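J.: Please see the structure below; I have some questions.
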Amino acid sequence: MNDNTILIKNALILSPNTNFENKQSILIKDNLIAEISPDIDESNVSKIIDATGKILLPGLINTHTHLSMTLFRGLADDLSLDSWLNDYIWPMEANLNGDYCYIGALLGAVELIKSGTTTFSDMYFYMEDVARAVDESGIRAVLSYGMIDFGDEDKRKNEINENLELFKSCEGMGNGRIKVFLGPHSPYTASEELLIQVRELADEYDMGIHIHVSETQKEIVDISSEKGLRPFEYLDKIGFLGPDVVAAHCVWLSDNEIEIIKKNNVKISHNPCSNMKLASGIAPVSKLIENDICVSIGTDGASSNNNLDLIEELKTASLLQKVSTLDPKVLTSDETLSMGTIKGAETLGLESEIGSIEVGKKADIILIDTNSANMIPDSSSLSSNIIYSANGLNVDTTICDGKILMENKKLTVLDEGEIYQKARQAIKELKEAI
Ligand SMILES: C[C@H]1O[C@@H](n2cnc3c(O)ncnc32)[C@H](O)[C@@H]1O
Ligand SMILES: [Zn+2]
């Protein structure tokens, strides 16, 4: 008997860019996919999962979120971004501490695991506590500290220090499941000096950069009047952009900015539900994809979405592009699926490790149960079934880094009940503090 081996048999595999005929077996050894074949000897494996009636996919990848914001779900609805942040969210965030962010991140991890996301990219505060939650939950994450200096030099030093400390203490944690990026919040909250220093540090430490850009028309007006340039023109001029930059939102883009994004090979995280809920606008995703720009998907935080269900986010992305272009052929289910898998991996610089079902890649795998009313009839197109018919509640099994985090819809590592109770208490305290 080999320890740490899992055999998944009778699986219908749906993986970007590969067509698997018939049912397959997958052998997981430690944290890697070791073999894929119609028939694998099951005599020496330590665990067998029969995936009959289930669709097997790579674990989903959420490239922009703020996990601990689950604590603020439903506390500030029906607002514009500007009022949401200034009048509600930032005042509430002033009362946060590491314990609150830890429990908020655990609550978020439960939601991610249950809805099939195995990797998320986060920007927030008290990130060592978020890392602790990630480590314990078994999920994979790219973490960045949200740096905001509003031009204050002391604040700038402090923010950079926070992000570098996070890098030093958490990079590679959890068997390499945690990576650390730099997280300047946006061009309207991070000064030019901070952005320039972030670029220098990204080059020195080989760290990626996670930033919000061009989310609202107000941002375009404000940056244009302050800098005389649109946001991406300004970021290009100061030498900030590069293939290691992940820009969230990117709703309001001129043709020149699309050229700038392409030239610098910037990666885009599209956040349709948040953009719709805050009435920010519709990102020109199909135009970006036509220009061979890498576009992945993110939920944003649970306070502007209001959930972390990536399957729902993918469906929304597809339908929103169809209606905004009046072309039903844009963002097909196959293209949309790749945004939640291999494009997500590419966005985070992890395409050699995750994002598809291939021998040698990390065993980040989910199973979706088709024995459910909304999954019948069995479609001839698996991607159609997943993108247009399914939702996170259809996820049956979640495996990350070769470890089973949920099986038959039951969490195996985290204690859901205890987390809900602690999260409710934290939310009560935070509401009382307002
Ligand atoms: C890290 C900080 O970012 C804030 N935030 C969350 N969602 C958004 C968004 O859509 N645009 C801009 N800023 C956002 C979060 O509350 C933290 O303050
Ligand atoms: Zn955000």
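Glycine residues also receive a Cβ, built from the backbone N, Cα and C atoms like all the rest.
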J.: To which of ASP129, ASP135, ASP292, ASP300 does TrEMBL also attribute binding of Zn(2+) at the site defined by HIS64, HIS66, HIS212?
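T.: Within the candidate list, TrEMBL flags ASP300.
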J.: Take the C-alpha atoms of GLU93 (substrate binding site) and HIS64 (Zn(2+) binding site) and report the distance between them in angstrom, rounded.
T.: 18
J.: Select the most exposed residue of GLU93, GLU215, where exposure means the fewest other Cβ atoms within 10 Å, treating these as the binding-site residues.
T.: GLU93
J.: So if I take the binding-site residues (HIS64, HIS66, HIS212) and measure from each Cβ to the nearest atom of ligand 1, which come out below 6 Å?
T.: HIS66, HIS212
J.: Of all the binding-site residues given, HIS64, HIS66, HIS185, HIS212, which has the fewest Cβ neighbours within 10 Å once its own Cβ is left out?
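T.: Output over binding-site residues HIS64, HIS66, HIS185, HIS212: least Cβ neighbours within 10 Å is HIS185.
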J.: So for ASP300 (Zn(2+) binding site), how many other CB atoms are inside 10 Å of its CB?
T.: 27
J.: In the same chain, which residues outside the set HIS64, HIS66, HIS212, ASP300 have their CB within 8 A of the centroid of the CB atoms that define the Zn(2+) site?
T.: THR65, MET123, ALA248, HIS249, SER269, ASN271, SER274, GLY298, GLY301, SER304
J.: List those of the binding-site residues GLU93, HIS185, GLU215, ASP300 whose Cβ lies under 6 Å from any atom of ligand 2, in sequence order, or write none if there are none.
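T.: Listed by sequence, the hits are ASP300.
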